[in-house]
Structure formats: structure tokens, C-alpha cells
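S.K.: What TrEMBL records for 63-94 is region 'Disordered'. As annotated by TrEMBL, transmembrane segment applies to 105-123, 135-155, 175-196, 202-220, 227-245, 257-276, 296-317, 355-375, 382-405, 411-431.
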Amino acid sequence: MTSFVRRLTVGSTIPHVPVHHQKFKPTIEIPAFPLLPHNIQRPLGIALRSRKYCRVEAVGPVGRSEGGDSTKKAGGGPGPGPCSYSLGDRTTEVERRERNRTVEVVVAAGVTVVLGVGNRVLYKLALVPLKHYPFFLAQLATFGYVLVYFSVLYLRYHAGIVTDEMLSMPKAPFLAVGLLEALGAATGMAAGAILSGASIPILSQTFLVWQILLSIIFLGRRYRINQLLGCFLVAVGVIISVASGSSSGHSLKEAGMFWSLLMIVSFLFQAADTVLKEVIFLDAAQRLKGGSIDLFVVNSYGSAFQALFICLLLPFLSKLWGIPFSQLPNYLKDGAACFLNIGGTLSSRCDGAPLLPLLFVIVNMGFNISLLHLLKISSAVVSSLASTFSVPISVYVFTLPLPYLGVASSLPTGFVAGAIILVTGLLIYAWTPSGSTAALPSPPTRM
């Protein structure tokens with residue numbers, strides 16, 4: 001709002017005003033209307049087209065320290081003009097905010113990469129004691145997260161971080177998030193049971209492609225050439241660094257086209273889930289008038305609906321893992337005994353429990369939170385790139401002598417070349433040509 005400041009100095013000649021009369025207010029605001037030339041005819045009435053005010057101040061004969069004539073004398077120079085406006089300060093403030101946002105995104109991406117590496121490594125370590133109960137570990141994570149997320153949400157609500165307006169957000173998008181996550185898990189498990197481990201990293205690169213396409217369709221994103229090229233190089237780098245030297249191409253042919261397409265559909269569900277979460281954040285910025293919905297609101301309701309749909313799909317999922325549905329209660333009971341490392345003879349095969357599975361659950365939860373936070377402050381594609389960057393680092397970590405894993409694995413033949421291509425792709429994606437604008441809009445202001 002533009003304002004004009006005028007100061008009226010009141011001298012000693014002002015007549016005495018009785019005390020019981022209404023006192024003169026030193027500052028009043030009068031709407032300023034532009035003067036029209038006398039030869040221009042206008043219809044009767046006043047149309048307010050801008051909120052412009054003249055501010056009139058009456059001050060005593062003694063100057064005030066914050067402005068006026070005394071300021072001019074004390075400073076030795078003219079004070080600010082009545083309509084002065086510093087564009088340089090405004091530009092500096094905008095640049096500072098953009099720089100802070102960039103630093104925040106880089107730090108969040110680094111944390112996501114570190115937790116992503118820990119998540120992949122600890123998952124393999126957690127399967128050492130639970131190698132006969134991977135389905136139990138998956139359900140422990142799914143239903144355990146609901147309890148943890150809602151407990152944190154309860155504490156944040158009573159701390160005033162989560163508001164009633166956040167909790168009153170429409171629940172249909174969260175229902176869709178839960179459905180997409182459950183479908184992604186179900187189809188991924190079905191295809192993963194048939195496909196070889198070497199072929200999955202190749203097919204997983206379709207996740208990034210789906211995200212770009214869905215963000216263009218549903219978010220109206222427009223990507224620069226260097227961003228598309230960078231994403232392509234990242235995908236190629238991951239394929240070369242992870243699957244080089246393996247018989248992944250041959251295993252894809254052996255598995256058949258159907259299972260490969262089913263895995264691609266699984267990544268479609270997962271990509272749609274991340275883009276939908278970005279839509280939720282953008283919609284919350286409008287509903288909350290510049291604020292943003294808390295991460296744990298999204299995580300809590302999304303995990304709750306995912307657990308609901310997983311329960312409905314349990315007969316199908318248990319069959320995929322080779323567990324008859326009638327034997328599922330006994331399987332879960334034995335899995336819980338192995339997880340707690342109790343049960344006599346059974347516990348002898350569960351060395352490392354419950355420490356390793358608990359470490360995986362904690363790190364996996366932190367990874368999911370950091371991934372959602374990165375999505376909130378940047379975009380689904382940036383969060384996907386950070387997660388993808390953790391894949392070759394995890395491959396390298398597995399070549400180190402880790403406890404419980406025995407003999408370390410060897411690096412794929414094209415690991416170094418693939419890693420160089422991947423890093424080059426990230427740099428190309430992050431590069432902003434001079435004079436161009438970013439393809440991804442700035443995120444909404446967070447509360």
C-alpha cells in the first residue's frame with residue numbers, strides 16, 4: 001500500500017484547547033483521489049481503484065528522532081522524500097530469500113540422500129534375522145507407522161503446531177494417497193516375486209519419467225531442456241552403475257513382458273502418489289491463506305488409509321509371499337517371536353533382532369519424513385532425484401565389510417562410469433541458464 005507522509009509543525013500560536021474537549025489525534029489517514037482535468041466528463045460516483053492514502057501527521061515544535069527536520073539537521077543531509085521507495089532493498093530481500101530457499105533445498109536433499117542410503121543398507125541388515133519373515137517386516141512398518149505418526153500428530157496438535165484448520169482439510173486426497181500406496185506395494189510385490197533383482201533398478205527409472213509426465217499434466221509444469229536432459233542422464237547413470245555386468249536384459253526376457261509392465265505400473269502408482277501429495281500442499285496453501293499443512297497430517301492420514309487398504313488386500317498379498325491366508329496368523333506370530341528374539345529354538349535363527357529391524361524402521365520413518373519435507377519445499381521430481389542418487393551410493397556401501405552380511409559384494413563393472421553420468425545429470429538439472437526462469441514454481445509459504 002503506497003502512502004504519502006506530510007508533517008505539520010504546530011507552533012506556540014495555537015489557542016488553548018479546554019481539557020474536556022476531544023483531544024486532537026496526531027495521525028489521521030485521508031483517502032487520496034487523483035484530480036481530473038476540468039474538460040474530462042466523468043459519471044457521478046467514486047470508483048476506488050487502488051488503496052492509496054495520504055498520511056497527515058501533526059507534531060510539536062520539537063523534532064522527533066525518527067524523522068522530520070531534526071533528522072535532516074542531525075544527519076547533515078536531506079531526509080527521505082515523501083514518496084521515497086527503495087527498489088534496491090526490495091531486490092536484495094528477494095535475492096536473500098531465494099538464496100536461503102536454495103540452501104534449504106540443498107541441505108534437505110543431502111539429508112534425504114544420507115537417510116536413503118541408510119534405509120537401503122539397514123533393510124538388507126534387517127532381513128538377516130527376519131530372512132524368513134520379510135512379509136512380517138513389511139506389515140510391521142505399515143501398521144507401526146500409523147501408531148507413531150498419529151502419536152506425533154497428537155503432540156504437535158497440543159503444542160499448537162497443528163491447527164484445527166489443518167485437520168479439517170478434505171480427507172478424499174488422503175484416501176487416494178493411501179489407495180495409491182497400497183496398489184503400488186501390491187503390484188510391486190507381485191512383479192518383484194518374478195523379476196530378478198538386477199532388472200528392477202532398470203525398470204525403476206520409469207518412476208522419474210512418470211513423475212515428469214504427471215506433473216506436466218496435473219500441475220501444469222514446464223521443464224527446460226537442461227532439466228529433461230539431466231533427468232535422462234540420471235536414469236542412464238543409475239542403470240549403468242547398478243545393472244552393468246549383470247544378465248538383467250536376459251532376465252527381463254525370461255520373466256516375460258507382463259511382469260515387466262506390471263512393475264512399470266507399480267512405479268506409476270508410486271509416482272502418482274508423490275504428485276498427489278504435492279497437489280495437497282499446493283491446495284493447502286490456498287485453503288490456509290498462505291500457510292501450509294503440517295507434514296504429520298499428510299503422513300498420518302495417508303498411512304492410516306494405506307493400512308486400511310493393505311488389510312483389504314491381505315489375502316492377495318499373503319499369497320504373493322507364498323503364505324496361505326489360513327496360515328497367516330501363525331506366520332505373523334512366529335515373525336513377532338523372531339523380531340523380539342524370543343521363543344527358544346526359533347530365536348537361534350534370529351541373531352541381530354530386535355536391534356537391526358528396529359534400526360531399519362526408525363531410519364525408514366526418518367527417510368519418509370525427509371522425502372516428504374523435500375517434496376514440500378521443492379517438488380516431486382527433486383525428491384525423486386535425491387532418492388535416486390542414494391542408489392549407487394548404497395551399491396558402493398555394500399562393497400564394504402558390513403556386520404552380519406558376510407563376504408562383501410564387488411562393484412559392477414560400469415559403476416564409476418555410471419556414477420559420473422549420474423552426477424553430471426544432476427548438475428545439468430540444477431543448472432539455470434542466465435536470463436531464464438525456473439521451471440518449478442516456488443513453494444507456498446510454510447507456517
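Positions of Cβ are set from backbone N, Cα and C atoms, glycine also.
Predicted automatically and left uncurated, TrEMBL annotations should be read as such.
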S.K.: Can the transmembrane segment (355-375) be said to touch the transmembrane segment (105-123) if we require at least 3 CB pairs below 8 Å and skip pairs under 6 apart in sequence?
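M.R.: Counting Cβ pairs under 8 Å (6 or more apart in sequence), the transmembrane segment (355-375) reaches the transmembrane segment (105-123), since there are 3 or more.
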S.K.: Applying the under-8 angstroms CB criterion, which one of 135-155, 175-196, 382-405, 411-431 scores highest with the transmembrane segment (227-245)?
M.R.: 411-431
S.K.: I need to check the long-range neighbours of the transmembrane segment (296-317): which residues 6 or more away from its ends have a CB within less than 8 Å of a CB in the stretch?
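M.R.: Same-chain contacts beyond the ends: 135, 139, 142-143, 145-146, 149-150, 152-153, 156, 162, 166-167, 169, 171, 174-175, 177-179, 181-183, 185-186, 189, 277, 280-281, 325, 328, 368-369, 372.
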S.K.: Among 175-196, 382-405, 411-431, which stretch has the highest count of C-beta pairs below 8 Å with the transmembrane segment (202-220)?
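M.R.: Result: 382-405.
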S.K.: Do we see three or more Cβ pairs under 8 Å linking the transmembrane segment (382-405) and the transmembrane segment (175-196), pairs being at least 6 apart in sequence?
M.R.: no
S.K.: Which bits of the chain, at least 6 residues beyond where the transmembrane segment (411-431) starts or stops, bring a Cβ under 8 A of a Cβ in it?
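M.R.: For the transmembrane segment (411-431), the sequence-distant neighbours (Cβ-Cβ under 8 Å, at least 6 residues beyond its ends) are 226-227, 229-246, 385, 388-389, 392, 395-396, 399.
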